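Report on one structure; see the data block that follows.
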Amino acid sequence: MEKTLRISKIRDGTVIDHVPSGKGIRVIGVLGVHEDVNYTVSLAIHVPSNKMGFKDVIKIENRFLDRNELDMISLIAPNATISIIKNYEISEKFQVELPSRLIGVLKCKNQNCITNTREPVESEFEIVSKHPLVIRCVYCERTMGEKDIFT
């Protein structure tokens, strides 16, 4: 396969690679990217890949992701690769990992759950299954699949 640079290099920031084709928009959504951001975001959708057939690639200039953002990406793209770019070079590269518990990153779909009341309780979910993705609230035991999580 011929190597072609489809999106220009970034000086500093984050590259999210190996996102399943079509899920890049969802990744951008959970990262809170919107029209008023003060950094450049590039999204390539349906890029040919030897490993995956097709994939999405996201480049975010001048922004580095925190643990909660990486956890959210792992829910959408469990095999995504994160590259930290500094001065046009890869300074760090790693694959996201789906944690055994997600604390404070999602909202429980059960409106009666204690995490959705005025109580100062942070949401907490355990991973029941990775394929297909199923998580369970540790407080009310409501289970949610991928469609429940991102709608």
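The chain as shown is numbered from 1 upward.
Backbone N, Cα and C define each Cβ position, glycine as well.
Taken from Swiss-Prot, the feature Zn(2+) binding site applies to Cys108, Cys113, Cys137, Cys140. Annotation for Cys140 (Zn(2+) binding site): spatial neighbours Cys108, Asn110, Asn112, Cys113, Ile114, criterion Cβ-Cβ under 8 Å with sequence separation of six or more. Following the DSSP three-state reduction, the secondary structure of Cys140 (Zn(2+) binding site) is coil.
Cβ neighbours of Cys137 (Zn(2+) binding site) (same chain, under 8 Å, six or more residues apart in sequence): Cys108, Asn110, Cys113, Thr115, Ser123, Glu124, Phe125, Thr143, Met144.
Counting other Cβ atoms within 10 Å of each Cβ, the lowest count among the binding-site residues Cys108, Cys113 belongs to Cys113. Taking the mean position of the Cβ atoms of Cys108, Cys113, Cys137, Cys140 as the Zn(2+) site, the remaining residues of that chain whose Cβ falls within 8 Å of it are Lys109, Asn110, Asn112, Ile114, Thr115, Asn116, Ser123, Tyr139, Glu141, Arg142.
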